[in-house]
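Shown next, in structure tokens, is the structure this report addresses.
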Amino acid sequence: MSQIKKVVLAYSGGLDTSIIAKWLQEEYQCEVVTFTADIGQGEEVAPARAKAEAMGIKEIYIEDLREEFARDFVFPMMRANAIYEGEYRLGTSIARPLISKRLVEIAQETGADAISHGATGKGNDQVRFELNAYALMPDVKVIAPWREWDLLSREKLMAYAEEHNIAIEKKKGKKSPYSMDANLLHISYEGGIIEDPANEPEEDMWLWSVSPENAPDQPTYIDISYEKGDIVAINGEAMSPATVMEYLNKVGGENGIGRDDIVENRFVGMKARGCYETPAGTIMLKAHRAIESLTLDRNAAHLKDELMPKYAEMIYNGFWFSPEREMLQALIDQSQDYVSGDVRLKLYKGNVIVVGRTSENSLFDEDIATFEDDGGAYNHKDAEGFIKLNALRLRTAAKKRR
């Protein structure tokens, strides 16, 4: 332990990571550098500075990474229509590569020997943080206190905090029984009564959205503009990636959009139940598929759909910086060259309904697709040979097996 002289800690300013900071100082007798990222979690990050200073920490990094998170991580993922196991929109998974990236960069800037995080030994986050870190800094030393210490209960953590004069916030009102994680893309809930998959979540658990039953009785219409697969404007107003997500979270939440209750298969081998609110992500996925339906070639679209589950699994498992994810990303990005245009959506009581889409790159030819007289644009007789050729193997097999 004495070989470690300086550690960069992913620091939220909360009780757990404050305890980790003090534990690192005591157990490793090392200097601690804290890194706090604002990725849209909706909490004030500035108090993290005072808390770190109270523990004698000198090098403190507090950074607003919302635009980088949206632009370089969420938007590329949205081009792929990525969703894990058909339901999970990867809100936590996609945030970890950026945090790992900055941890490694700060370690290199400060000459640190190691990085540290507060992920537990049961979850996926320990894997994500560390795989992403090793991909960027192969020889980095990672300290994961939850895999080393014996502070394995809330009571032991509280006792440690009191013994070492670590401030314990006493929030007014009812304390949430859930473990929560939030960023621009989502907020997640685990623990409490929802550890039992049979229990319906209580309504007051949800923080970002009204229930669909209590959403407005009148629909909200929005127009989303795309350029090469990315949203560039809403209702005619140009917006940055982070601003897009903030707006869609607000309008989506107001209309009861984005609630998911999932039992997912964790990479570490267990099943876990989580509840998620992903208003912006839900709207973005629906709108992106709508503009692709107009502009992507059929076989290109089908190939993307075949590759998407693997791409989503890479992100979920922590392989954002892997060669296979980067290879797939290049293919996905190339597919978006003509994915530009506008999508009109109706938001109503938890539903995202596509009501219109237009594009100068549209592959929809009304002259061919019409049910009216097409003036010879499509020769119906061509279908006969097409059908017979496709039926050839079926007819041959049927004759042989009689």
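Note that Cβ sites are derived from N, Cα and C of the backbone, with glycine treated the same way.
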May I ask you to find which of Ser116, Ser188 Swiss-Prot records for the L-citrulline site already listed with Tyr88, Ser93, Asn124, Arg128, Ser179, Glu264, Tyr276?
-> Ser188
Candidate from Gly91, Gly111, Gly118 that Swiss-Prot assigns to the same ATP site as Ala10, Tyr11, Ser12, Gly13, Gly14, Leu15, Asp16, Thr17, Ser18, Ala37 | Gly118
Could you state the whole-number distance in Å separating the C-alpha atoms of Gly14 (ATP binding site) and Thr120 (L-aspartate binding site)?
-> 15
Between Tyr88 (L-citrulline binding site) and Asp16 (ATP binding site), what is the CA-CA distance rounded to a whole number of Å?
-> 26
Taking every protein chain shown into account, which of the binding-site residues Gly14, Gly118 has the largest tally of Cβ atoms within 10 Å of its Cβ?
-> Gly118
Name the residues of the same chain, 6+ apart in sequence, whose Cβ is under 8 Å from the Cβ of Tyr276 (L-citrulline binding site)?
-> Tyr88, Arg89, Gly91, His186, Ile187, Ser188, Tyr189, Gly258, Arg259, Asp260, Asp261, Ile262
Given the binding-site residues Ala10, Ser12, Ser18, Glu264, which one has the fewest other C-beta atoms within 10 angstroms of its C-beta?
-> Glu264
